[in-house]
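Per Swiss-Prot, the features are:
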BINDING   ASP40, THR77, THR108, GLY109, ASN113, GLY178, GLY179, VAL181, VAL182  coenzyme F420-(gamma-Glu)n binding site
ACT_SITE  HIS41  active site, proton donor
ACT_SITE  GLU110  active site, proton acceptor
BINDING   THR196, LYS199, LYS260, ARG284  substrate binding site
Amino acid sequence: MTQQLKLGYKASAEQFGPRELVELAVLAEKHGMDSATVSDHFQPWRHNGGHAPFSLSWMTAVGERTKRLQLGTSVLTPTFRYNPAVIAQAFATMGCLYPGRIMLGAGTGEALNEIATGYTGQWPEFRERYARLRESVQLMRDLWTGERTDFKGEYYSTTGASIYDVPECGIPVYIAAGGPVVARYAGRAGDGFICTSGKGMELYTDKLMPAVSEGATKAERDVTSIDKMIEIKISYDTDPEAALENTRFWAPLSLTQEQKHSIEDPIEMEAAADALPIEQVAKRWIVSSDPDDAVAQVKQYIDAGLNHLVFHAPGHDQKRFLELFDRDLAPRLRALG
């Protein structure tokens, strides 16, 4: 089963308040988007002007206002400030309310969101965070069967736990990966795979996509059944100066992976990001005022095997972006699929 090309909208919870974020997702459906995903942050990456509405409340509100959008997190960490059993219950409920439209995008987590909510001790190294992710996914899937679940893991346990309302179609789990280790796990166990753009094409062609295929092969799975999602960071505007300047709010994306995973305070994150020159900030983004040029840059990811393109626009005028995307980019992109 070959996955079809899908175009999605990234709802920037770090940038917009809850009501505006809901209305933008409703507008995204009207402009033909196939999905809308939202980040799950307790704290934003930017203290001044930042936002952090609760992802699951947003998903439910958007679900009530839309008819066909696939809705999900990109991504949620079901392992520290959350109990994975409760997350399983929440997603099961949404799956019953909006059948076939809900997905859970899951990752290993960042200190920014977990330390503030009570995690004590030294922030865990990758090995523990990865182990927690795998264990939480297994527990949630056990609970989604609707059967009584006695689970005894290294980090989580349940005794006689049942989720009484589970959707017949299940809840697909998308695994977010920035390197081959977790990408292999996505291939073994994920219904979908999530990565982000702007890190050099070699990462996708030589590491991530081969790792997904390797994991699927070892698990005797058909890799074409896995929805391969990428958040494409794109600043498209017919005004080239606006296209460049719009990236500034998202300067934290240009910090190193180590900085993003270890910084605990949005004020500290903002200070580190604002010290970066605009040229460095813009490197993470496709910055373009020409639709053919923008599509040519996006096409690299399609050619690498990614089929679900979720577009993250950095500017504050998201309505303008959605209008321009619908007019200039979507027809060209769908012609590629």
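Placement of Cβ uses the backbone N, Cα and C atoms for every residue, glycine included.
Annotated pair HIS41 (active site, proton donor) and ASN113 (coenzyme F420-(gamma-Glu)n binding site), C-alpha to C-alpha distance, rounded: 6 Å.
Separation of the C-alpha atoms of LYS199 (substrate binding site) and VAL182 (coenzyme F420-(gamma-Glu)n binding site): 17 Å, rounded to the nearest whole number. Between GLU110 (active site, proton acceptor) and ASP40 (coenzyme F420-(gamma-Glu)n binding site), the C-alpha separation comes to 11 Å.
Each of the recorded positions ASP40, GLU110 was scored by other CB atoms within 10 A of its CB, and the lowest score goes to GLU110.
Neighbour count (other Cβ atoms within 10 Å of the Cβ, all protein chains): 21 for ASN113 (coenzyme F420-(gamma-Glu)n binding site). Note on the recorded positions HIS41, LYS199, ARG284: the fewest other CB atoms within 10 A surround the CB of LYS199.
Every protein chain shown contributes to the tally, and the Cβ of THR108 (coenzyme F420-(gamma-Glu)n binding site) ends up with 24 other Cβ atoms within 10 Å. Annotation note: THR196 (substrate binding site) sits in a strand segment as assigned by DSSP. There are 14 other CB atoms within 10 A of the CB of GLY179 (coenzyme F420-(gamma-Glu)n binding site), with all protein chains counted.
Under 8 Å, Cβ to Cβ, and six or more positions away along its own chain, VAL182 (coenzyme F420-(gamma-Glu)n binding site) finds THR108, TYR130, LEU133, ILE175, ALA176. Recorded residues THR196 (substrate binding site) and ASP40 (coenzyme F420-(gamma-Glu)n binding site) have their alpha carbons 16 Å apart, per Cα-Cα distance. With ASP40, THR77, THR108, GLY109, ASN113, GLY178, GLY179, VAL181, VAL182 listed as the residues that bind coenzyme F420-(gamma-Glu)n, the site has a largest C-alpha separation of 23 Å.
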